[in-house]
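These notes concern the structure reproduced below.
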């Protein structure tokens, strides 16, 4: 009996969407040998990690952030700063310490060359990696503290986070001596672990990003199954009722936004490893809006849907870019797709399978109405002892 139960559990695990997705992202390198496409495929996985961060924030906690490009960009810049200092270009400036070329160019004649204080800690690659995770999370926590304890809600959260993108983008462009302005950070060293360099066009880099994507998926899945994840969904369904139970709504929202920002920062790290640059263009309004579209099309309350949506949309865009006439209308096509999904599949393409499985002849007694599904977190929360 026990063995049969174990076999059933094993079968469910093997056939679960999460296992199938992880297996699917590990297979392509077995058939794709062109380094260009290996690099492209790994870039799609980077965007899927970014989509997972938005799914956690919007789909589970109900926070529609239009500023995730900022968290992504902060992570990318932190990692790029370290790799820039490790670049051969930074070691040939005639100084006893690594110095980026653009800092030399922006130093007034007669002044001594020195590494700006902001760059000093980033001489260590691992500091850059840790900073790429913590800086976005801390920045999100700071923004969240003002927003959520300030009782800001609804569309105003989206407006504030969107303005955050514009402001930080302008700051980075304006601080030419520190960030190289609009040109960004390029000519970076390869990410190095134990002396092994991860070539952006190599299979090891693909598998590094694929493993990071898989772990992020499993980690976010685990978080959504914890008590905190349950409260996220309950807040989204009925915030006042959760508040009645004695939970600090603002604190949970700040936590959700911070974890989401940390995941976006991780995506920024992976992007730099894959693309070898960081610039203001990766943290502008366009990307922040695109992230929302990926998740909305795939299914905002489905982690798998969000990840697949990001991969599919970016893959289609890349294919269409081969045709000059089609790439010019890509944004129009994407906008039409977004509107169609919002109108006819509000839960995204991830809900398409369940809708097709429903039989028109199913009676009301056996059907599971949407309201019942949405109320499940509240029913489970009602079993938890209220906070005192």
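Each residue, glycine too, has its Cβ placed from N, Cα and C.
Note that the structure is predicted; figures quoted are calculated from it, not measured.
Among the ranges 187-205, 206-224, 225-243, the stretch that TrEMBL annotates as transmembrane segment is 206-224. Record note: among 326-345, 346-365, 366-385, 326-345 is the stretch given as transmembrane segment by TrEMBL. Two recorded stretches are said to be in contact when at least 3 C-beta pairs lie under 8 angstroms, sequence spacing 6 or more; the transmembrane segment (206-224) and the transmembrane segment (326-345) fall short of this definition. Counting C-beta pairs under 8 angstroms (sequence separation of 6 or more), the transmembrane segment (126-148) fails to reach the transmembrane segment (326-345), with fewer than 3 such pairs.
Sequence-distant residue pairs (6 or more apart) of the transmembrane segment (155-173) and the transmembrane segment (245-271) include fewer than 3 whose Cβ atoms are under 8 Å, leaving the two stretches without contact.
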